[in-house]
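The structure appears below as structure tokens.
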């Protein structure tokens, strides 16, 4: 049997919806609408926060980081999706696939890290409001942002090199219209246990640790809120957390669903796996701006105000 590795530059083949290839142009209309909402919504949040000096507060600066990571995630997946659904070109070069995989996972890890810092932001704002702006200064926020980026890059950086050592001796047909680490190593006919173990370690020390710390932050927030005498003040404090809780659920619920289906849904139709993959990558960037515009009055009024001036 002939064995292939990365040195042959053997391309991968992207997959849309098997059996519905003739409908791909129609399906692409829905995807384009979702990407347009994501790009416009997140760009609007970035522009409003950048222009309005009153929004240069820690909460909104962290929100701008979340919007930027969502834009990066969309920009990472859009090219291959359009390539497949619009132009019916399923091939993607080996190195191009690894590059796309790198950026998808980096922006996903950044999103998780940003959600953790936003939970910390809410804890500081509620438990120590008088020192809020002195604890979370612009310099501190910038360092946190750099730290989130460096963590994501550092843990994902070895992955392409670990993949390049694998051999491929069967059709390199991916499960989605984009490249993901589990999908790529699954196609290898050589021992990829190191890749699998490293992938699990990444999940545990990033998404796993982040989710535990977010939960602990909200336990502390709840304890602090319950110690407030006024019911009105309790409601007001908790109301500032609603948008962030929704953002956390939008990221972690689809991720949990994908993990469950991947591990226990061997007899689930392939189309369910494909749809869940798109839900995992598209729902947070699309709905995060919607949630923050609805629940955050300052963002909503300024966006609507700018629209009315046009």
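Using N, Cα and C of the backbone, Cβ positions are placed for all residues, glycine too.
These features come from TrEMBL:
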DOMAIN    41-292  domain 'G-protein coupled receptors family 1 profile'
TRANSMEM  26-49  transmembrane segment
TRANSMEM  61-82  transmembrane segment
TRANSMEM  102-120  transmembrane segment
TRANSMEM  141-163  transmembrane segment
TRANSMEM  197-216  transmembrane segment
TRANSMEM  237-264  transmembrane segment
TRANSMEM  270-294  transmembrane segment
Below 8 Å between Cβ atoms, which of the listed ranges 61-82, 141-163, 197-216 makes the most pairs with the transmembrane segment (270-294)?
61-82
To the transmembrane segment (61-82), which of 102-120, 141-163, 197-216 is linked by the most Cβ pairs under 8 Å?
102-120
